[in-house]
Each structure stands twice: as C-alpha cells, then as structure tokens.
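*Asks:* There's a structure below that I have some questions on.
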Amino acid sequence: LTQPVTPDLLVSPSSQDGDLGSECPEDRGNWTGRLDFLLSCIGYCVGLGNVWRFPYRAYTNGGGAFLVPYFIMLAICGIPIFFMELSLGQFSSLGPLAVWKISPLFKGVGMGTILIVSLVAIYYNMIIAYVLFYLFASLTSDLPWQHCGNWWNTDLCLDHHVIKAGNNTVPVNISNTVSPSEEYWSRYVLHIQGSSGIGDPGRIRWNLCLCLLLSWTIVYLCILKGVKSSGKVVYFTATFPYLILLMLLIRGVTLEGAWKGIQFYLTPQFEHLLSSKVWIEAALQIFYSLGVGFGGLLTFASYNTFHQNIYRDTFIVTMGNAITSILAGFAIFSVLGYMSQELGVPVNQVAKAGPGLAFVVYPQAMTMLPLSPFWSFLFFFMLLTLGLDSQFAFMETIVTAVTDEFPYYLRPKKASFSAVICIALFLMGLILTTEGGMYWLVLLDDYSAGFGLMVVVITTCLVVTRVYGMKRFCRDIHMMLGFKPGPYFRACWMVLSPATMLALLVYNIVKYQPSEYGNYRFPTWAEVLGILMGVLSCLMIPMGMVVAVLQEEGTLWEVGVQQASRPAMDWGPSLEENRTGVYVASLAGSQSPKPLMVHMRKYGGITSYENTAIEVDREMEEEDDEESM
C-alpha cells in the first residue's frame, strides 16, 4: 500500500513535512518568550546616553522647560520612525540588508547602516571595558581614586577630605586644582600622559586590553545562539538597571544638599524655548536615545511572529525610555547637589556629560558617601547592564544582516560567524586600548554616527513613503496588525519626520565644530578622517544604486532604474500562510496559489487575521478595477 500524499496545492515552503523543506535554508528562528522582544527593545533603547547625556542636556537647555520640546520631538520624530522600523522588520522577517527587497535600488542604505553600526560597536564596547575596569577597582575597602598621594597623582591633586577636615574659616582656592578621581581616570586608567596626541597612540594598556577582551567574550557568549540566548539575558540586563537606579535615586534624594541639585536640574527657564538650539538638542536626544537608524529595532522585529502587536510595543518602549531618562536625571543631580555642597562650589561647576560624568564626577561623589565601594560597585554594575544590551543589539544587527544575505551558507554556522565578527571588531578596537586611545574613541564617537546616520534615516523614510508608496505600506501594516495607521502616523512619515531630520542634518553641517578632548585640538588629517567615516556611509547609497541598475537588463532609465526601484518578486511576509493578494505564490518554490488553504489545513477554520486578509484582497481588486477604468 502506498502512503497518502498531500496534494501539491496544499504544500508550502514553510511546512515542516515534505521534500521541499530540505531545499530551503535553515529556519532563522523567533523569540522564544512573549516578553523577549519587548525587553530587548527596552534594553537597546535605554542605554548609557539616558544616564550621562539626557540630564546634562536638560539642565543646559532650560531645565524643566526642556521637557516641552523633548516630548514634542518624541511625537514628531521618535515614535513614527520607531514604528516604521518595527513594521518593516516584522512584515518581512528580514535583516537591515535583505529588507531592501522592498526597493533593491536603495540597498546601499542597508550597507551604510551596517558600516555605521560596525564603527559604533567598536568604540561602544571600549566604553564597556572602562566600566569593567572601574567595576573591578570598586572591589576594595578603599576606592583607589579616593585620595591623593598615589604614584599617578601630581602636585595639583587636591583631596576634598583634606578640605573638609581642615579649618573651614580659611577659604581654599580649588580653581587650579584637580580631583583625585580625575587624575585616576586620565593618568592611571588612560595613562594619557604617555601620548602626545591622536597621531602618537603610545603603548597598549594591557589591563584595558584584557577588559576589552572580557567585554567581547561576554557579548559573544550572550549572542551565541542569536535571539534565543540574548532574548533570555535581557530579562536580567534590561530590568536590573531599574532596581539599581531606584536604589541610587533613594540614596541620592536623602543626602544633604540633594534638593539644590534637583532644583538646578528641573527649574524651568522658558525663555530657552525661543532658541532653535534647544529644539535641535531635543530632537538629537530623541534620535540617538531611541536608536533609530542603527538597524537594531528592525532586526529585533524581524524575529517576531507576523501578528505581534508592535503598535502597542512602540508606545511602551518610547515612553518608558523617556521616563527612564527623567528618573536618571533625579538620581544624578541629587548626588551632584550633595557634592557641590560638600565642596562649597556651585552645581554647574561639578556637572558634566558623557565619560566625564561616569568616570570622574560620579566616582568622586561616591567617595563622599559611607560604604563608598558598595555604591560605586552598584553604579558601575548598572552602567555595565545598560551598555551590554545595547551592544547585543549592534552585534545581532550585523550578524543577522549578513546571514540573511547568505542564508544557505551562514545560517547553519551562525555561532562561528558571530565569533569571527567579534574577533575582527576586537582587533580593530585594540587601538582604543593604547595610551592615546581616548583620542580615537572621541573621533569615532563624533563622526561614526553623525550626519551619515541622519542621511540613512531620511532616505529610508522617503523610500518607504514615496518610492514604495504610503498606500502600499499602510496596506502591509493592515495585513499584519488588522488596522491601518491613522492620520498622525501618515502625516509624520510623509512630511514631519523627514523635515525634522533634514533640519537636524543642516544644523549639524552649519554648526560644525572640530573635535576636541579637553584642551587638545585634533589635527586636520584626523578631522578629514572623521568626515570620511561619515561620508563613506552616505556613499554606500549611490554605490548600491549603480550595482542594482547594472544587474537589471535593458536601457538605463526605462528598465534599469524603474525595475530596480520596484519591490523584488519575493518581497513580502516570510511564511506563505501570511501572504495574501499581490504576495500570493511569489516565494521561490511556491506551489500554493492560496495561503488561506494552508491556514485552513493548519487551524481548521478562518481566524480574524484571515478575515483581514480577505478584506485586503478585496481592496486590492477594487483598486485594480479603478485603475483599469
């Protein structure tokens, strides 16, 4: 007796049975838990910038008044682009390179994204290495940056404990002095006195090199199995920082003088709202804090099931990110207020942003507290967890992008490929572990994700809405979520978001300032190198266009450009049962004219999403009839 055979009509490439499945590439996988995606997005967006950039930007741009442009820019620029990236990733189940099947002419945008993310991943992991260094240094009874008198200290070093223990009636001039924490950072950790500038990197600092190796090892072990492993790690790395932040906040507000810092942080100065700089700063903070354009959001969404409610997730993540930034400001400025009172100086003299806050000011404040090693360890452990899940996203973006391009060869060897990428980026980052490494880090930070990233985001927005078409994109979201985006999203995608991004780009170019680190000014060749980093990511777009047109047959404009700008034949949902209307039977090897049959065989009936599919089909038929008339 012969075994019953399923008719070809009902076989789909996504079926697990049948010979057809053996010809398909290995399954790229999905999130294994319901909260994996949401926590990964929160961990990715809530990073070091929320702690060391937002509070400083707020107080220098009008205090509490800064929240007005901040939330307006979140609504105009942040939420819409965030939702667009998630929609593209979830609809196609493809990474930042392969997703450009939506319009192969613009595949260079994806190439530019990968270049930017690779450069950022190199220096971002160096910052994590610094955090690890301080974390280990905190495992002692006395913090090493607590007092002067060490071999790395100079005559300018002034210990605040000495000031406090001395006679308070005699004023002490601290203007020409340096704190022990600042000398520990620059002269011991960086050993920057061994380098004369960016052209003289000096020797490798082996303790920093080992910390960098450890940080890359941690990252690799966490992304070893892709989203299946990193999706579990974020349950800890995305939630634990909130516990530590809460502890630091409670400890901070109970300190003497804390209110002075909080008042300095939040006192509204509404006259600042008349300055264009404040609005630009708010947009920049939203842009970099949410991580749009880096491909991380698109990558994470590509591992979702087709009907995941990303509309709800968009608002949870974006609002959660904003609230976290504001809370971090309270935790930071309450301690800075206490510190200013202890030193007898105004708050604005101790407030800093970026590495200066994380590795100089806050560690110095920790030495003024009882149980200072405990609070220092907590602070740096919070920074470690904040940094790691952002780094997971960068690495997952690079690995997913390349494996989706070569699924047959690389997907079965994803762990080995991830190891190769980690080793390559570690070797490229070795220059950051030298005595002049901080100069290179500043250069990468200033230029790798500057105007190039903005060009990438603007181009993505314009291609989706103009080339692919707003109506078609909204129809795709309707297929996926069961409803179309409202007028708010359509207005932002068509006009408001790209216009805001363009204003940011113009502002960055007009207000361009050469890089500097402290009193050191970068030489011209370093500036040119930095600008080339940004320009190269932009050049990927025309280069990709040339390649796409050359791959098409026919004359340059009539066939080449027009054909390359249309979606590829296999563009659409990755699983055949999710394909309807124009997407039916367009997958390679497809034998199923109606995915609805696959659904009925699988589920035994028609669900609400099949009803949506039928509605979308009917709309398409009506539009086709109108066009033919």
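The backbone N, Cα and C atoms fix where each Cβ goes, glycine too.
Caution: TrEMBL annotation is automatic and unverified by curators.
As the structure is a computational prediction, the values presented were derived from the model and not from experiment.
Per TrEMBL, the feature Na(+) binding site maps to GLY43, VAL46, ASN50, SER289, ASN321, LEU386, ASP389, SER390. Among the features that TrEMBL reports, disulfide bond is placed at CYS148-CYS157. Sequence annotations record features per position, and here TrEMBL assigns transmembrane segment to 37-55, 67-88, 109-136, 233-250, 282-303, 315-339, 374-394, 415-441, 447-468, 488-510, 530-550.
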*Asks:* Could you give the Cα-Cα distance between ASN50 (Na(+) binding site) and CYS148 (disulfide bond), in whole Å?
*Replies:* 31
*Asks:* Give the distance between the Cα atoms of LEU386 (Na(+) binding site) and CYS148 (disulfide bond), rounded to the nearest whole Å.
*Replies:* 31
*Asks:* Within this structure, do the transmembrane segment (530-550) and the transmembrane segment (282-303) have 3 or more Cβ pairs under 8 angstroms, counting pairs 6 or more apart in sequence?
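*Replies:* By the criterion, they do not touch.
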*Asks:* Let me spell it out: take the transmembrane segment (374-394), skip the flanking residues so only those 6+ beyond its ends count, and list any with a Cβ under 8 Å from a Cβ in it.
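*Replies:* Distant contacts of the transmembrane segment (374-394): 40, 43-44, 46-48, 50-51, 117, 120-121, 124-125, 127-128, 131-132, 134-135, 138-139, 143, 215, 218-219, 222-223, 230, 233-234, 236-238, 240-241, 244-245, 247-248, 251, 291, 294, 296, 299-300, 358, 362-363, 366.
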*Asks:* Please identify, from the recorded positions CYS148, LEU386, the residue with the sparsest Cβ neighbourhood, meaning fewest other Cβ atoms within 10 angstroms.
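*Replies:* So among CYS148, LEU386, the recorded positions given, the one with the fewest Cβ atoms within 10 Å is CYS148.
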*Asks:* Using a 10 angstroms cut-off on Cβ to Cβ distances, just flag whichever of GLY43, SER289 is the loneliest among these binding-site residues.
*Replies:* SER289
*Asks:* Using Cβ atoms only, state whether the transmembrane segment (233-250) and the transmembrane segment (315-339) have three or more pairs under 8 Å that are 6 or more apart in sequence.
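*Replies:* Since 3 or more Cβ pairs under 8 Å link them, the transmembrane segment (233-250) and the transmembrane segment (315-339) do come into contact.
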*Asks:* Which bits of the chain, at least 6 residues beyond where the transmembrane segment (447-468) starts or stops, bring a Cβ under 8 A of a Cβ in it?
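*Replies:* Counting only partners 6 or more residues beyond its ends, the transmembrane segment (447-468) has Cβ contacts under 8 Å with 81, 84-85, 88, 102-103, 105-106, 109, 112-113, 116, 119-120, 123, 287-288, 292-294, 493-494, 497-498, 501-502, 504-505, 508-509, 515, 530-531, 533-538, 541, 565, 567.
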*Asks:* May I ask whether the transmembrane segment (488-510) has at least three C-beta pairs under 8 Å with the transmembrane segment (67-88), counting pairs 6 or more apart in sequence?
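*Replies:* As far as Cβ distances go (cut-off 8 Å, pairs 6 or more apart), the transmembrane segment (67-88) and the transmembrane segment (488-510) touch.
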*Asks:* Using the centroid of the Cβ atoms of GLY43, VAL46, ASN50, SER289, ASN321, LEU386, ASP389, SER390 as reference, list every other same-chain residue with Cβ within 8 Å of it (recorded Na(+) site), in sequence order.
*Replies:* ILE42, TYR44, CYS45, GLY47, LEU48, GLY49, ALA238, THR324
*Asks:* Would you confirm whether the transmembrane segment (37-55) and the transmembrane segment (315-339) meet the contact rule of 3 or more C-beta pairs below 8 angstroms, pairs 6 or more apart in sequence?
*Replies:* yes
*Asks:* Near the transmembrane segment (109-136), which residues from the same chain, at least 6 beyond its ends, have a CB less than 8 A from one of its CBs?
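*Replies:* Those are 48, 96-100, 189, 207-208, 211-212, 214-216, 219, 293-296, 355, 358-359, 363, 376-377, 380-381, 383-384, 387-388, 390-391, 394-395, 397-398, 401-402, 425-426, 428-429, 432-433, 437, 440-441, 444-445, 448-449, 452-453, 455-456, 459-460, 463, 533, 536-538, 540-541, 543-544, in sequence order.
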*Asks:* To the nearest Å, how far is the Cα of CYS157 (disulfide bond) from the Cα of SER289 (Na(+) binding site)?
*Replies:* 36
*Asks:* The transmembrane segment (488-510): which same-chain residues, six or more beyond its ends, come within Cβ distance under 8 Å?
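*Replies:* For the transmembrane segment (488-510), the list is 73, 76-77, 79-81, 83-84, 276, 280, 283-284, 287, 450-451, 454-455, 457-458, 461-462, 464-465, 470, 473-474.
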